[in-house]
Amino acid sequence: MLRSFIKYYRPHIGLFILDMVCAVLIAATDLIYPMITRRMINNIIPSKNISLILNIGIVLLILYILRMVFEYIVGYYGHVLGVRMEYDMRRDMFSHIQTLPISYFDNTKTGQIMSRIVNDLNEISELAHHGPEDLFISTLMILGSFILLLRLNVKLTLIVFTIIPFMIYFTIVYNSKMRRNFRKIRESLADVNSRLEDSISGIRVVKSFTNEEYEIDKFDDGNTQFKNLRTKSVKYIGILHAGINFFSNISTLSALIAGGYFVAKGQIEVGDLVAYLLYIGQFLQPVKRLAQFVEQYQRGMAGFKRFYEVMNTKPDIFDKEDAVEIKNVRGKVEFRNVSFSYNNKNTVLENINLKANAGESIAIVGPSGVGKTTLCSLIPRFYDVDSGSIYVDDINIKDIKLKFLRQNIGIVQQDVFLFAGTIRENIAYGKLDATEEEIINAAKAANAHDFIMELEDGYDTYIGERGVKLSGGQKQRISIARMFLKNPPILILDEATSSLDNQSEAIIQKSIEELSKNRTTFIIAHRLATVKKAKRIIVLTENGIEEEGTHSELMQKKGVYYELYKTQFE
Ligand code: ADP
Ligand code: MG
């Protein structure tokens, strides 16, 4: 996992090196300063050499100006590095998520994905640039000042450093507490986000059931848990920081007392003690920083782990190496012995055989829940069959590049999904490079042009999230216009008019007939009236394809279709 984290530094190696070099230079200036102070106090000040004192002052001033520049570079370019890495990760994650199969989204909450892309990556970015810098500078400073402390006075160093092991032990204990806590916090935040997402997207349902209180309570459960975890976390952070500061003060105190004793005994000079105290400070500061680093590391890595999990979710539906591109598809579709289940337990479809010739229309009817939608979502490979095969133009769909397969299949569903944007954008989604003329023609074909022109902004009308500002029938017409632009040889109409009133249905039925012309069409219909005219009706039941024929043939048969028809019309 660490390796794949490090991978993200590679494109920005220049910035990284710049950051590190400046960081080292900062450390160096900090280490030089106490040495010069010591010289000043021990030799130069007693010698009363004013011009030398001033010269050293100037040297130190220059040193500090340089340090300021280095610090600026570290602060600015270091963050730029983090921001760029975060950008890369976010881009990779979004691209990767786009490749994941529908089954992934069936089982993952939107809010959790959002949380990963937004919050987790932010933590990672912080770690990405502060991490190496903190780790590296702190280690350098600790080693450097430790060596210098020893050089100044071994005895004093031994006394002072009896405190350090306690400090390290203390840090380790609290860090491991924090690590476990951070992981829970990440999960809890994702939970809060997904509840938020769910509740907001379902706001119309919430309000119509007047379940606002219930939603608030449910949200509050997650929010409370998040608060409690955060409270625990800040408690640990508080203890850790206070504790570390206490130990470091004790170290300084013992240096002051023991050093004072040695000065009084005439064993060391005052300048040595001053330099010693300064180095102690410089030793302890990176120790504190390391402790903080561990906190950041925990947070960042908890985030990265979740990022990594998503990135490591491999799509199980993808192009075979030798997958082919298909062009000029005629639209013959054939199911051979197809069986399918969503979870390998409950078989939804068993041994389905069905052949649709190019340009043929097939109506699929049957009780709710028998797998009509499922059957059709197997054609664009939203899910893969468990056994058997599906052929498009006599090529097994598993041998066709997904992109080419899906470009040749159009699906019009009952609940239309429109994107937040204008009507034009939503129609053009069917063909991203469509001209204005093509868009208008598609809208006309879908019987949408007239109502669009009546809207205040016409094609530029903003339709709200998921198209909330349009009626069901209007949304459906937009989605049909979109399909006219896509112009696929294979068309699936999944209860496209089921939720519409009779009048809208009549209008849409016409454009659907227009759309179906010269395409292989699967019409899933709940209302049998809409399929009465179909030349071929398939009746799907739990036992598979139970009946097949025209309306009058099926009525004569007095089987499942007959029963369904009777319940609908009597
Ligand atoms: P129909 O369209 O005929 O009403 P579906 O194809 O939607 O039926 O569903 C067939 C069966 O598969 C149902 O029992 C349903 O609960 C189940 N099902 C549908 N979609 C999923 C899914 N994404 N994950 C798991 N089970 C599903
Ligand atoms: Mg269905």
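Using N, Cα and C of the backbone, Cβ positions are placed for all residues, glycine too.
Keep in mind the model is a prediction, meaning the values are calculated, not measured.
What TrEMBL records for 17-299 is domain 'ABC transmembrane type-1'.
Annotation comment: TrEMBL describes 333-567 as domain 'ABC transporter'.
Marked as transmembrane segment by TrEMBL: 12-33 (among others). Here the transmembrane segment (12-33) has long-range neighbours at 60, 63-64, 66-67, 70-71, 73-74, 77-78, 80-81, 84-85, 129, 132-133, 136-137, 140-141, 144-145, 148, 278, 282, meaning same-chain residues at least 6 beyond its ends whose C-beta is under 8 angstroms from one of its own.
Packing against the transmembrane segment (53-77) from elsewhere in the chain are residues 15, 18-19, 22-23, 25-26, 29-30, 32-33, 36, 39-40, 44-45, 133: each is 6 or more residues past its ends and has a CB under 8 Å from a CB in it. Here TrEMBL flags 53-77 (among others) as transmembrane segment.
Residues or ranges marked as transmembrane segment in TrEMBL: 158-176 (among others). Residues 149, 236, 239-240, 243-244, 247-248, 250-251, 254-255, 258, 280, 287, 290-291, 294-295, 298 of the same chain lie 6 or more positions beyond the ends of the transmembrane segment (158-176) yet place their CB under 8 Å from a CB of it.
Remote same-chain partners of the transmembrane segment (236-263), defined as residues 6 or more beyond its termini with a Cβ less than 8 Å from a stretch Cβ, comprise 153, 155-156, 159-161, 163-164, 166-167, 170-171, 174-175, 177-178, 181, 269-270, 273, 276-277, 280-281, 284, 287-288, 291, 295. As annotated by TrEMBL, transmembrane segment applies to 236-263 (among others).
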